[in-house]
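**Q** Take this structure first; my questions come after.
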Amino acid sequence: MSKPWLFTVHGTGQPDPLGPGLPADTARDVLDIYRWQPIGNYPAAAFPMWPSVEKGVAELILQIELKLDADPYADFALAGYSQGAIVVGQVLKHHIINPRGRLHRFLHRLRKVIFWGNPMRQKGFAHTDEWIHQVAASDTMGILEDRLENLEQYGFEVRDYAHDGDMYASIKEDDMHEYEVAIGRIVMSARRFIGGKDSVIAQLIELGQRPIWEGIAMARAIIDALTFFAKSTQGPSWPHLYNRFPAVEFLRRI
């Protein structure tokens, strides 16, 4: 049987598909088992994020088709971190699992899927990365409204590594977190962090002009979001960082 393919997609701010980062570093640890196709032609841009995701989706679809059509005996695996997890999640949900999807013919060849800090995480579906952070609680899910569903019913294995406190991957169904979902929509559509009416800051201010009875939950959500972003400069204490080694072990079990 042919060596399986591993397709990896980096997170925001990591446009070099071969550079350091969770997906690429994980792939380098399993090159004795997998053929590796990192996804380039994808800007991994913070602003605007959704067009960046769409470019990643298009490139991942293209590479899967090229590699799997060329070798009908090869199985494959997917791995994505943060924005890259959105790319993988979009392709998995809408193009592989979907019976009308462009890649549905390859569903039976998909063996493993890995997410780290996944904004599309299915509610209650989380795995530990055996590191310093608590795994996300069973009543949490990803921040995007378009989430993965019913992953347990398919023939491929999934590891969705999610930390408690990772705002992208671990929110609850309550008033405060409804506003965090709104903040997630802002991040997807904003063209810059500050400056102009289409910036994150301008849209957060607009969000803050909701009726007073919504104010407490909204304020808590914004404070939570700003605290989360501020911690991004604090190294391993930021809950959106992950340990890759459980994923390496998972990929090696084929």
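Cβ from N, Cα, C; glycine included.
These came from Swiss-Prot, pasted as-is:
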type     : residues : note
ACT_SITE : S82      : active site
ACT_SITE : D166     : active site
ACT_SITE : H240     : active site
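Buried or exposed, and what's around them? Tell me for each listed feature.
**A** Within 10 Å of the C-beta atom of S82 (active site) sit 28 other C-beta atoms, taking all shown protein chains into account.
Under the three-state DSSP scheme, D166 (active site) falls in the coil class.
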**Q** Would you mind ranking the active-site residues D166, H240 by how many other Cβ atoms sit within 10 Å of each Cβ and giving me the lowest?
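**A** Per-residue Cβ counts within 10 Å for the active-site residues D166, H240 bottom out at H240.
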